[in-house]
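According to Swiss-Prot, the ATP binding site annotation covers 130-184, on the basis of sequence analysis. Under the heading Mg(2+) 1 binding site, Swiss-Prot lists 252, 269, citing sequence analysis as support. Per Swiss-Prot, Mg(2+) 2 binding site is recorded for 269, 271, and the stated evidence type is sequence analysis. Positions annotated as domain 'ATP-grasp' by Swiss-Prot, on the basis of sequence analysis: 103-302.
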């Protein structure tokens, strides 16, 4: 890629993660402009195919979180229009977005995942479908949106499940709650990054903790035993490969350090479109490895292709 190329930064959209996407996109667009690229910022709406067809950018930097940018939809549009793009392709994006299906694929590849069930909202709302504590989460949302932790002292599932305006879809994933620490590792330039521990200053690492300054503490490198550290890195690459991810991805883990060896490690999910805001983990991990934010964004553009 040359500095004269025209990059369309795709952001916004209509998912529950719209605001985070706008922040990620704005940060990346500014970085590319500092590098000399011609940049067009696009707040993605339903007419995106027409907008791109008229604009004819050389490459698309996808900074969409949730649908339609993280589930394979926008990737299909870009493939059809012949516009090289960043991050993962159609199949891996749609697969990773469906947490239940992604877990099946990762487990087959030897990546440990949480015990869980995929059920309808009505089934889950009736009564406990497994012994508490357990976690209820949308099968295809990110940023911890719509996540509920059901504890032992709760006699019934969350009453929010009965809402007429429930926004998170009718299929939900119910998983056994995994006690322990939050660890995260990324794949950047084909290699596993260092490992970071997230210590929420709230009750758990929810949307507010992820995107509000001072709402969580990041410890880098994560203070775990060396063999655990390396196992997180190995599993991150294994999950990335099993799902067919490309470009940058991020794997999130729970680690119960009361269990001997690495038996307490569980992969919660792989994010094919990690956040790029001022509080996001991937820029922090890249920076720790000596890759500045602007260089990371430029690499994402240089890595763009139609072979995803």
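Our numbering is plain: 1 for the first residue shown, then up by one each step along the chain.
Placed from the backbone N, Cα and C atoms, the Cβ positions cover glycine too.
Bear in mind that the values here come from a model prediction, so they are computed numbers and not experimental data.
Overlay of Swiss-Prot annotations on the structure.
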{"residue": "130", "record": "ATP binding site", "contacts (Cβ under 8 Å, 6+ apart)": "117, 174, 176"}
{"residue": "151", "record": "ATP binding site", "contacts (Cβ under 8 Å, 6+ apart)": "132, 133"}
{"residue": "158", "record": "ATP binding site", "contacts (Cβ under 8 Å, 6+ apart)": "136, 148, 150"}
{"residue": "165", "record": "ATP binding site", "contacts (Cβ under 8 Å, 6+ apart)": "none"}
{"residue": "172", "record": "ATP binding site", "contacts (Cβ under 8 Å, 6+ apart)": "118, 119, 120, 121, 124, 136, 137, 138, 139"}
{"residue": "179", "record": "ATP binding site", "contacts (Cβ under 8 Å, 6+ apart)": "254, 256, 258"}
{"residue": "252", "record": "Mg(2+) 1 binding site", "contacts (Cβ under 8 Å, 6+ apart)": "182, 183, 184, 267, 268, 269, 270, 271"}
All chains considered, the count of other Cβ atoms within 10 Å of the Cβ of residue 271 (Mg(2+) 2 binding site) is 23
Residue 269 (Mg(2+) 1 binding site), Cβ-centred 10 Å count of other Cβ atoms over all protein chains shown, is 21
Looking only at DSSP and grouping its letters into three states, which state does residue 130 (ATP binding site) belong to? coil
When you measure from the Cβ of residue 137 (ATP binding site), how many other Cβ atoms are you left with inside 10 Å? 23
